[in-house]
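S.K.: To start, I am sharing the structure in question, which I have written as structure tokens.
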Amino acid sequence: MAKVTVKLAERSYPIDISPKALRSAANLFPGSPRQILIVTNPTVAEHYLQPLLSVLHSHHVEVFNMQDGEEYKSLTTYADIMQQLISAGFNRDCAIIALGGGVVGDLAGFVASTYQRGVDFYQIPTTLLAQVDSSVGGKTAINHPLGKNLIGAFYQPLAVLIDTDCLQTLSARNYRSGLAEVVKYGVIYDAEFFHWLEDHVAELRNRDTAALTYAIERSCAIKAEVVAADERESGIRALLNLGHTFGHAIEAATHYGEWTHGEAVAAGTVIASKLSEVTQKLSSSDFRRVADLLNQLGLPIKAPQMPWQDWLSYMQRDKKVKDGRLHFVLPTAIGSAEVVSNIEHETIAAVITECC
Ligand SMILES: NC(=O)c1ccc[n+]([C@@H]2O[C@H](COP(=O)([O-])OP(=O)(O)OC[C@H]3O[C@@H](n4cnc5c(N)ncnc54)[C@H](O)[C@@H]3O)[C@@H](O)[C@H]2O)c1
Ligand SMILES: [Zn+2]
């Protein structure tokens, strides 16, 4: 079993990582019986709801089984959960558990942050992306018809429980998508971890438990460190967006369906790395290592073709655009990165053409 702590003074919290972690969920709620709402969806519930319910049997547990899909991370679902909490007479001492991927986690976290001005929140992430990224760091949100994650709050959970066994039922595509974020941590922050990933491609592709436990632990530790240093993203936390400005453009251009988030981030990471190479911040051999690792993990390294004007307009819609200028996270070596905003559009356009 591995353990990581997110250090945020009195709001610090543990991340416990192990196979069979679900069985120890009762330890999250010692003492007298609590009102607990589990938010999940049918896909996840099929495998993991009963095991969770059985260890929480001494509590008053309600379940909200939301429909599966990004489109349900919505104001409507938010209102439906609030309705259930109020109807069930849940008070300020209740707790909310997110059991699922990033969609469930983001939505349940936002509910927890606002129900009766904030109630206890716990994350049991079941996708690799949620285990290494969305469940850690306290960003919660729902979508608005005019844009993704436009309504939300910074709201940290009291604990994150990661059961690595849950990853065995994940589709191959979703699993690979999570690996893109794992690679991201190595590229921006930890050369040794990147090297370890290069050495364990086969184990990771086979979802080997020991390799996964280590990869998740390192990823969470890096995210925890970055979040502890910059909870509200006024500085270093922005580095976690490596590949995301390009990735969001790919996701938007393909209407959030054809490409998964991780696939788009992988192709976006290759573009960012190429841009860094072309502007002489990153060596050609480091560029190759980034592209090769993503490729070996089964992720796309070529973006879809679209006109430069489309890229530009999608990128300018990205939340990260400040004072009208495009900001990019560029790796400066394996294990370090910086935010750069003064690149000529012709250079960016040429690099994108090369990477499509
Ligand atoms: N809060 C943050 O910091 C943050 C960071 C990154 C992404 N996000 C958000 O996360 C969301 C994407 O998360 P995701 O990739 O986990 O998608 P998701 O929650 O939609 O899960 C992907 C699919 O896998 C299924 N699933 C989940 N666990 C499973 C399991 N163990 N076995 C089988 N199937 C399982 C889900 O039902 C779903 O169909 C987006 O809404 C994104 O905005 C948030
Ligand atoms: Zn991401």
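Using the three backbone atoms N, Cα and C, a Cβ is placed for every residue, glycine included.
I grabbed these lines from TrEMBL:
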type	residues	note
BINDING	68-73, 102-106, 126-127, Lys139, Lys148, 166-169	NAD(+) binding site
BINDING	Glu181, His244, His261	Zn(2+) binding site
DOMAIN	65-176	domain '3-dehydroquinate synthase N-terminal'
DOMAIN	178-321	domain '3-dehydroquinate synthase C-terminal'
S.K.: I'd like to know which of the binding-site residues listed (Asp68, Glu71, Gly102, Cys166, Glu181, His244) lie near ligand 1, counting only a CB under 6 Å away.
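M.R.: Cβ under 6 Å from ligand 1: Asp68, Gly102, Cys166.
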S.K.: Count the other Cβ atoms sitting within 10 Å of the Cβ of His244 (Zn(2+) binding site), across every protein chain shown.
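M.R.: There are 24 such Cβ atoms around His244 (Zn(2+) binding site).
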S.K.: Sorry to bug you, but what's the C-alpha spacing from Glu181 (Zn(2+) binding site) to Asp68 (NAD(+) binding site), rounded to the closest Å?
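M.R.: A Cα-Cα distance of 22 Å.
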S.K.: Cα-Cα, whole number of Å: Thr169 (NAD(+) binding site) versus His244 (Zn(2+) binding site)?
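M.R.: About 27 Å separate the Cα atoms of these two residues.
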S.K.: Within the domain '3-dehydroquinate synthase N-terminal' (65-176), count helix residues (DSSP H, G, I), strand residues (E, B) and coil residues, in that order.
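M.R.: Looking at the domain '3-dehydroquinate synthase N-terminal' (65-176) with DSSP, the answer is 50 helix, 32 strand, 30 coil.
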S.K.: Quick check on the binding-site residues: of Asp68, Glu181, whose CB has the lowest count of neighbouring CB atoms inside 10 Å?
M.R.: Asp68
S.K.: In the same chain, outside Glu181, His244, His261, whose C-beta lies within 8 angstroms of the Cβ mean position for the Zn(2+) site?
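M.R.: Those within range, site residues removed, are Leu129, Asp133, Ser177, Ala180, Lys184, Gly243, Gly247, Gly262, Ala264, Val265.
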S.K.: Using Cα coordinates, what distance in whole Å links His261 (Zn(2+) binding site) and Glu71 (NAD(+) binding site)?
M.R.: 14
S.K.: Give me the DSSP three-state residue breakdown of the domain '3-dehydroquinate synthase C-terminal' (178-321), ordered helix, strand, coil.
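M.R.: Summed by class, the stretch gives 103 helix, 0 strand, 41 coil.
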S.K.: Using a 10 Å radius around each Cβ and all protein chains in view, which of these binding-site residues has the most neighbours: Thr127, Thr169?
M.R.: Thr127
S.K.: What is the number of other Cβ atoms found within 10 Å of the Cβ of His261 (Zn(2+) binding site)?
M.R.: 23
S.K.: Validating a neighbour-count step here. Other CB atoms within 10 A of the CB of Glu71 (NAD(+) binding site): how many?
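M.R.: So the number of other Cβ atoms within 10 Å of Glu71 (NAD(+) binding site) is 12.
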S.K.: Can you tell which of Gly102, Gly105 has the most other C-beta atoms within 10 Å, given these are the binding-site residues?
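M.R.: Of the binding-site residues Gly102, Gly105, the most buried by Cβ count within 10 Å is Gly105.
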